[in-house]
Each structure stands twice: as structure tokens, then as C-alpha cells.
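> Below is the structure I would like to discuss, written out as C-alpha cells.
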Amino acid sequence: MLSYRHAFHAGNHADILKHLAWLGVISHLKRKTKPFVVFDTHAGAGQYALNSDQAQLNREYDSGITRLENVQPASALLSDYMSVVTPMIEAGIYPGSPGLTVRTMRGQDAAHMMELHPSEFPALQTNLAPFTTAQGQSGSIHLHHRDGLEGLVAMTPPTPNRGAILIDPPYEVKNEYKQVADTLKAVFQRWQNAQVVVWYPLLSERAKEKAELCLNMVHEISALGKNCFKAEFTITENTHDAGMYGSGVCIINPAWQLDEHLTQSMKEVCKAMGPEAGFSLEWLKQEEA
Ligand SMILES: C[S@@+](CC[C@H](N)C(=O)[O-])C[C@H]1O[C@@H](n2cnc3c(N)ncnc32)[C@H](O)[C@@H]1O
């Protein structure tokens, strides 16, 4: 089943948390000049026009990125994020995870982006064409029309083995939670120092079965690396019928101080979002150095 289209949700609260976390991971990788390799298993179309029919349907960006328009970021991570996003928003576009990656990676780095949807993949190719056809500065960008979880297992560990993975499935079907956990178990057998960001929805009692599958997934993947934390961003109260009341990212093998950088930036985001917004970060595994 491939009915999910990210254009309906581009720039919403979940994108802000996920993209801040992903940018935080890339920023830490860039602290060393050594090259890195990143994988985006569910890439989407790369970027989204906010005046499209899909984005206009519920205008989810209005309760997301639009709220950050007048924020003067104090934290380094939010500042990095806004410096990429603001000029794009001014042009009526919100970047997806591939759009952020290609604008932040360096000439020595590589990215593998996977997308299975028959119309999202050509859109990804078109949207990233200025970067995939340019030589040098954008690094080595590879777009794959394939199943992202299967592709991840096939392409890891990369050379060099310094790098990170973003897993951002639509979770349309219940077994996606287990597929993510099983995939990461296979990946960690061969690539123990992978940094991983897994996005997940926070679902209320109404979607109890999926919420429990999600909890199990987070529990299982949190054991795979040396360290792991989860960071959750809520935008409304978790009542029985709230549906998706927020979202989270589970970060395996996070770089040193990523927790602090994410917390500082999300505090600023929460303030801009209004009184109902909340953020929490919890370490799930911490091995002694
Ligand atoms: C939540 S969206 C991705 C958004 C993107 N990561 C971003 O932050 O801009 C999920 C995407 O995964 C794609 N997808 C669904 N199942 C897939 C699979 N098995 N392999 C690769 N892509 C898949 C969908 O077509 C959709 O474009």
C-alpha cells in the first residue's frame, strides 16, 4: 500500500522535530573533515510547494513552520535549520529530508536516498536535479527507486563506515513497526557505529494497537547501539480521541551533546508553538565510555 503523500503534511510539527534531529546528526558528522555516508530510507519528493493542492488542503504548515517565521533563533541547531529553511519558505517551498541533506552535506560526503512511490520518485529526481547533476560541492548523491528498508540492508555497512541513517516510514500498515526493528537488527550486526534517527508518531488510545506496536519498536531498537535516547514533541493533550498528538525520534548512537542541542532548539520551538506544545527527552540506554 502506497497511498501516503507527504505533500499533505509538509512543514508540520512532525517535520520540525524530525528535520532538527536529522540536521543535528549531520552537523555533528561535519565537525570532522573525514567524509561520511548518509541513508534516507523513505525520502519522499525531496521538497514541497506550499501552494500545491495537497499542502493547501489542511495547511498543516500553518501550525508548524509558519509559527517559527518570526523567531530569532538563539540555539545553534535552530539557527542552522532556519538558515536553510527560511530562504526556501520565502520561495514558497518546504524542504523534505533530502532537500535538507543536499544543502548541508559537503563535497566529500555521500547520500543514498530511497523512495518506492511511482510518482514521488520522479518528483525526487526532478527536485534534486540541481544537486545530482552538479559536480563536486554537493557530494555524491544517489537516488534509488526501491524499498528503503531492503535497500538499507543491502547497502550497509558503507565505505567509509562513518555515517547515519534516517528512517521515516508512513506507518500506514501495522507491520511497518516490526519491519523497522528487524531491519535495524540486521544493519547493526554489520554496522555497529551507525547513527540512526527513527521517526515515529505518538498515537492516542483510539489507535491503541499501533501505539503499542510503536512502543515495542522503540524498546527493541533502543538496545541495538551503545547509547540511545528518545525525544518527543507533543502539540496537544493526549486524550482518547486525539489521534496523532505529537511525534518522536529515537536516536541510536547519538553524537556527544546532540541531546543538549536538540533540547535547546526544541525549547525555542515549543515557545513559538504555544502553551499546549511540550517536549521531553529520555535516555533509553547509556553505556559507560
Ligand atoms: C513520511 S514520508 C517521507 C518524508 C521525508 N523523509 C521527509 O522528511 O521529507 C514517507 C515516504 O516513504 C515512501 N515509502 C513508503 N513505503 C516505502 C518503502 N517501503 N520504501 C521506500 N519508500 C517508501 C512514501 O511514498 C513516502 O514518500
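Glycine is treated like the rest: Cβ placed from N, Cα and C.
Keep in mind that TrEMBL annotations are predicted by a computer and have not been checked by a curator.
The active site, proton acceptor annotation in TrEMBL covers Asp168. Residues annotated as S-adenosyl-L-methionine binding site in TrEMBL: His19, His42, Ser97, Glu115, Asp147, Gly148, Asp168. If you look up TrEMBL, you'll see Tyr4 marked as site 'Interaction with substrate rRNA'.
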> Among the recorded positions listed here, Glu115, Asp168, whose Cβ has the fewest other Cβ atoms inside 10 Å?
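Least crowded of the recorded positions Glu115, Asp168, by Cβ count within 10 Å, is Asp168.
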> In DSSP terms, helix, strand or coil for Asp147 (S-adenosyl-L-methionine binding site)?
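Reduced to three states, the DSSP call for Asp147 (S-adenosyl-L-methionine binding site) is coil.
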> Restricting to the chain of His19 (S-adenosyl-L-methionine binding site) and a gap of 6 or more, list residues whose Cβ falls under 8 Å of its Cβ, or answer none.
Tyr81, Val85, Pro95, Ser97, Leu100
> Taking only the Cα atoms, work out how far Asp168 (active site, proton acceptor) lies from His42 (S-adenosyl-L-methionine binding site), in Å, as a whole number.
6
> Which chain-mates of His42 (S-adenosyl-L-methionine binding site) that are at least 6 residues away have a CB under 8 A from its CB, listed by sequence?
Met114, Glu115, Gly148, Ile167, Asp168, Pro169, Pro170
> Can you tell me the CA-to-CA distance separating Asp147 (S-adenosyl-L-methionine binding site) and Tyr4 (site 'Interaction with substrate rRNA'), as a whole number of Å?
15
> Please give me the CB contact count at 10 A for Ser97 (S-adenosyl-L-methionine binding site), counting all chains in the structure.
26
> Around the Cβ of Gly148 (S-adenosyl-L-methionine binding site), how many other Cβ atoms lie within 10 Å? Please give the count over every shown protein chain.
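For Gly148 (S-adenosyl-L-methionine binding site), the 10 Å Cβ neighbour count is 23.
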> Including all protein chains displayed, how many Cβ atoms other than that of Asp147 (S-adenosyl-L-methionine binding site) lie within 10 Å of its Cβ?
17
